[in-house]
Amino acid sequence: MKAATAVIDRHALRHNLQQIRRLAPQSRLVAVVKANAYGHGLLAAAHTLQDADCYGVARISEALMLRAGGIVKPILLLEGFFDAEDLPVLVANHIETAVHSLEQLVALEAATLSAPINVWMKLDTGMHRLGVRPDQAEAFYQRLSACRNVIQPVNIMSHFSRADEPEVAATQQQLACFDAFAAGKPGKQSIAASGGILRWPQAHRDWVRPGIVLYGVSPFDAPYGRDFGLLPAMTLKSSLIAVREHKAGESVGYGGTWVSERDTRLGVIAIGYGDGYPRSAPSGTPVWLNGREVSIVGRVSMDMISIDLGPESTDKVGDEALMWGAELPVERVAACTGISAYELITNLTSRVAMEYLGE
């Protein structure tokens, strides 16, 4: 028997990369592998996605892990550098960076570097998280264009705040803001991440930045990734470690929050919130077992969950239980738990075993 295991399908990762190329055929791809490649393993995912044109990460530590692991293609720091001391590290490792603040601009202007850096100026078109405000953008751009430490021309990027929602006015406004500033400027342009790739082809521009879609998961509540021709790259599974007779009126788990209305059989699966499965998953959350869906009952424990197998079940100790994967999309689990698919796949803990299928 195996305890909690995440099986990563390399074929699915490659398929998804090619599917994104089909969706954005005129754009180059920044494969976003931040946060341990959304829980899929940073180096393994990056090497599998070697046909990408560039890799996107959030932290310098992630970029340096890629370089140490043999990745030679361009790497983009999506959050930018944090301190002036980071700049020589970017130069030495040929790392590109977003620049979104006056502090970063001043650091670039003041630095003495052995070579200039490829820079992406981040424009705040409406996310209001990082980026240069539109009324300050032209002056900021001109200073970057005059900076000896910046490879010319300056590239321009932004990020949609609501591309994953049915409401379109906000995204239209952001795109119009981006175009008003970027039109006629010679650098590369990028604004579309996963949601923009799938729903906003007019926003694809020179570069797109696929994140969660690379892993076969939709950025939307619906439709699911499979509806866009994507394949789930992660299967999270574990094993039944107990099968028990359960009487009507008996509860199960901490707090006795679920009480059976009938005589039934309960199974116990070796996975819990200590593995990253959400403790808040309510009774009724589906699990895939022996070709059918069964339901979680009672509270998720640190190391175990209980499921209602049904009174006539023939399931046995050692049977494999699938928490999400091809048969049970992670988007479905997200809908049942109220926790985004982004969180589900990135929250797996270090004790979950990682297995890789394919070369």
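Every residue gets a Cβ built from N, Cα and C, even glycine.
Over in Swiss-Prot, the protein carries these features:
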{"type": "ACT_SITE", "residues": "K34", "note": "active site, proton acceptor"}
{"type": "MOD_RES", "residues": "K34", "note": "N6-(pyridoxal phosphate)lysine"}
{"type": "BINDING", "residues": "R129, M302", "note": "substrate binding site"}
{"type": "ACT_SITE", "residues": "Y254", "note": "active site, proton acceptor"}
Taking only the recorded positions R129, Y254, M302, which one has a CA atom nearest to the CA atom of K34 (active site, proton acceptor)?
-> R129
So among the recorded positions K34, R129, who's got the most Cβ atoms within 10 Å?
-> K34
Under 8 Å by Cβ from Y254 (active site, proton acceptor), counting only residues of that chain that are 6 or more apart = G298, R299, S301
Just jot down the residues in the same chain as M302 (substrate binding site), at least 6 apart in sequence, with C-beta under 8 A of its C-beta; none if empty.
-> G272, Y273, G274
